[in-house]
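TrEMBL annotations:
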BINDING   G11, G12, S13, A14, S15, G16, K17, T18  ATP binding site
DOMAIN    6-192  domain 'Phosphoribulokinase/uridine kinase'
Amino acid sequence: MKKTMVIGIAGGSASGKTSISRQLKEIFEDSASVSIIRQDDYYKDQSDKTMEERIKTNYDHPFAFDNALLAQHIQALLHGEMIEKPTYDFVEHNRSALTETIYPCDVIVLEGLFILEDEALRELCDIKVFVDTDADVRLIRRLKRDVKKRGRTLDSVIEQYSTTVRVMHERFVEPSKRYADIIIPEGGHNLVAIDLLITKISSIIKKNMV
Ligand SMILES: Nc1ncnc2c1ncn2[C@@H]1O[C@H](COP(=O)(O)OP(=O)(O)O)[C@@H](O)[C@H]1O
Ligand SMILES: Nc1ccn([C@@H]2O[C@H](COP(=O)(O)O)[C@@H](O)[C@H]2O)c(=O)n1
């Protein structure tokens, strides 16, 4: 019987998880149906909080996420059911009103800070990947991205990085590296590691298709 493969991609903020997930989706689009599920879309709803309160939330602690709903959604897809995936608005610090329908597929790329840290999510992954990018590179990338795409100021990114992002990374994200089957050093620059990952996924897809 055809089985859906789950590729878990963890790593620090701005390590390159989303960029690598997109590359994989493009590469496998011709041979398999691929869906990307981002843990960021499963940040808890904060409609009951004021903007001032939302700004103070620690978004780098596992409690900020509804991981139970995420695991339930992955299970549903594995059982051949479609899901209504939440979507997230970084500017509003809240879930958007819109959901996105995700249909059962051949490959699920499950990416986010805590995919390997959370035991239930980790156990759903057939291949566990950790994108390992140095902290200084991640901070520079995050500064550029969050100002351009997430409605942040330079000062707010630096303040958030020094108060929560760095500490939580060391406490929760970095230790989860030990669960990885494949570590991609240098993030998306490491073409050899990405090629190895692609070869491995291709061989599993081939076996699945016969
Ligand atoms: N290999 C790379 N070289 C240069 N910039 C990159 C690379 N990978 C990602 N980026 C950029 O860094 C930022 C963060 O990458 P992203 O994939 O969103 O990381 P994550 O999903 O881990 O937070 C994005 O603006 C992205 O374009
Ligand atoms: N309202 C929010 C929610 C999350 N963040 C930050 O996003 C980071 C996780 O996303 P990546 O794509 O960078 O992995 C995380 O480090 C949170 O600090 C935010 O700033 N605001």
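Numbering starts at 1 and runs along the chain as displayed.
For all residues, glycine too, the Cβ spot is worked out from N, Cα and C.
Bear in mind that TrEMBL entries carry predicted annotations, made automatically and left uncurated.
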Self-check item: Residues satisfying Cβ distance under 8 Å from K17 (ATP binding site), sequence separation of at least 6
Solution: I9, A10, G11, E111, G112, V131
Quiz item: Among the binding-site residues listed here, S13, S15, T18, which has the most company in the form of other Cβ atoms within 10 Å of its Cβ?
Solution: S15
Practice problem: Which residue among the binding-site residues G11, G12, G16 has the fewest other Cβ atoms within 10 Å of its Cβ, if you could check? | Solution: G16
Quiz item: Under 6 Å from ligand 2 by Cβ, which binding-site residues from G12, A14, S15, G16?
Solution: A14
Quiz item: Residues near the ATP site, G11, G12, S13, A14, S15, G16, K17, T18 excluded, by Cβ within 8 Å of the Cβ center?
Solution: L113, V131, T133, R138, G187
